[in-house]
Amino acid sequence: MIKNDLFLKALKGETVQRPPVWMMRQAGRYLPEFIALRDKYDFFTRCQTPELAAEITVQPIRRIAPDAAILFSDILVVPQAMGIEVLMKENVGPFLPNPIRTIQDVERVIVPDVHQTLGYVFDAIKLTKQMLNDEVPLIGFAGSPWTIMCYAVEGQGSKSFDKAKGFCFSHPEAAHVLLQKITDTTIAYLTEKVKAGCNAIQIFDSWGGMLSPVDYQEFSWKYINQIIEALADITPVIVFGKGCWFALGEMGKSKASALGVDWTCSPRHARYLSGGNITLQGNFDPSRLLSPIPVIKKMVHEMIDEFGKDKYIVNLGHGILPNIPVDHAKAFVDAVKEYNQ
């Protein structure tokens, strides 16, 4: 039994004394102990070495004590497993030297045996669960098929992902074949993550907001929903779409347990758009953690008041930034724990 099950209760929509709190990218570059390991080991060594991934996962639990842990990994381990080369340039981001640009490129992409290609992730989960000792739940995650495809086609990060969008619009059949391959791999991967010990799953649709509402349905939501349908009976699923407020109504009708919201959509509007029944997660502007600590705490309490304490998970509206002072991150978590006291 998980000792602190606030997060799991919120996912079920149960009444809680206070909402749970965790932060996207909480195992990250704002922590000096994370920087110490980053300086010794390259990015994918940290991801692919279970002992390192587990240690990085529990660092924020020790330091700022959120109500859930999220496994240290990366969304791009999935395309790596599918035979797409992925490099990570420190302080720059991902670089894929052989981007997918043709139908022939799509045909070369494999749907792998996830045990053979991603076994290190499942080993990291088992090790992390031992280290957590059932203190808090463990979240596993994956990128949405559309977001993975953005990197696979673009070859790197982008402000517009026009190459990825152009591929969808000029070669829609090939795009759908690629999206389905990514979806099938992701379902197998996340299923094994749950079997290995993850208590919930989050799907990151980081670039969903790049699409129009109509294109979002065709190229992103259709595939996210396949993943939800495949997993909903075995684990709670959270969907976070950055800039995807326009899809909250559709998402709210799905079997997802919770929906992540970014800071551009107000709590009340998010409740209204999502239908008012599903648990919401978010949506503190990560840059706001640079505010003075009393301001952070005041704003967190106001945010909880607006969302309501039930069917709500306190989080940021995107990942925590590397330049956030640790005591400010801890103040964010502490503010939630002080709510209603």
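Using the three backbone atoms N, Cα and C, a Cβ is placed for every residue, glycine included.
According to Swiss-Prot, the substrate binding site annotation covers ARG25, GLN26, ALA27, GLY28, ARG29, PHE44, ASP74, TYR151, SER206, HIS318. In this structure, ARG29 (substrate binding site) belongs to neither helix nor strand by DSSP; it is coil. Listed in sequence order, ILE35, ARG38, PRO322 are the same-chain residues six or more apart from ARG29 (substrate binding site) with CB atoms under 8 A from its CB.
A 10 Å cutoff on Cβ-Cβ distances gives ASP74 (substrate binding site) a total of 18 other Cβ atoms nearby, all chains included. According to Swiss-Prot, the feature site 'Transition state stabilizer' maps to ASP74, an assignment based on sequence analysis.
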